[in-house]
Amino acid sequence: MSQFCLCTNAVLILCLCWISGNVLSQDSVIHRLQDGSILFNRNWTEYKTGFGFPSQEFWIGNDKLSFLTNQNTYELRMDVTSVDGLSLFVTYKKFRISDENSEYKLTSVGEYKGEDNITAFVCPSDRVIQCRVNGSQPFFLLWSDYKTGFGTPMHELWLGNDKLHSLTTQKDYELRVDIVNSMGNPYYAKYISFSVSDESDNYRLSLGNYSEGDAGDGLSHSGGKYFTTQDRDNDNWGGGNCATKYADPSCSPRCHNNGAWWYAGNTVVRMYFVAPPPSPVIVGKCIPYQTQEIF
């Protein structure tokens with residue numbers, strides 16, 4: 001799994017609202033993120049029992065959440081407040097999860113109501129701009145697809161280059177890359193700044209210095225490069241289109257046709273994995289975020 005986020009400050013609150021005769025009679029905070037003071041990269045047991053403080057950073061616990069949502073009918077409400085003070089919310093009718101025997105499966109969310117643009121704030125302290133989980137969403141797509149975006153937030157997603165440009169020209173952002181390998185070990189990398197130009201400049205990437213993390217610096221080669229897709233060749237390699245070259249089906253399922261990117265010429269682009277490979281990467285075909293043997 002890999003995820004790219006734009007980091008800023010925001011507050012996320014998830015509440016369960018008890019529905020009694022179609023009247024919301026009480027509510028309970030089940031999750032809160034606001035300032036990064038609590039670590040959320042935790043193990044199964046900690047998410048089972050819960051951690052943090054309800055008035056600060058908090059996870060109620062999956063056992064409690066399962067018990068609550070199977071006793072009454074609950075509505076889930078998500079409130080998000082951005083650093084600019086913009087508040088948005090969405091609700092989902094009939095929210096319910098299973099017990100530990102079923103791995104706390106989300107069994108029901110019900111009807112969605114709320115703001116159409118809540119996806120820009122779904123990650124509380126980050127804005128997820130790209131996420132790969134299992135390869136279910138094709139990424140070997142056209143310029144127009146990457147322009148508008150595709151996929152599902154928090155699953156398989158590309159936010160969209162137009163949105164990326166709009167977001168990153170409004171304020172300063174840093175970029176965070178999170179990767180989980182086949183053994184469940186998390187790695188991350190941060191860059192001090194990140195912005196994307198508009199379509200007339202081929203969505204050129206401006207990337208600041210690598211600042212911290214244990215995944216290593218795998219993206220600096222892409223700084224200053226133009227975006228390339230299978231139908232729009234903007235890389236500086238004279239031997240063809242890197243998006244087509246690095247989408248070689250013989251590399252699948254290691255790359256799952258990750259064709260579009262800010263290519264640094266005919267080099268091994270330090271990109272992200274959809275699924276960890278069972279053996280070393282084939283240089284020149286796959287395009288992983290590979291700076292060390294983390295997979």
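Cβ coordinates are placed from backbone N, Cα and C, and glycine is handled just like the others.
Annotated features in TrEMBL:
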type: DOMAIN; residues: 1-114; note: domain 'Fibrinogen C-terminal'
type: DOMAIN; residues: 128-263; note: domain 'Fibrinogen C-terminal'
type: SIGNAL; residues: 1-25; note: signal peptide
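Helix, strand and coil residue tallies for the domain 'Fibrinogen C-terminal' (128-263), in that order: 27 helix, 36 strand, 73 coil [DSSP]. Mean model confidence for the domain 'Fibrinogen C-terminal' (128-263) is a pLDDT of 84.
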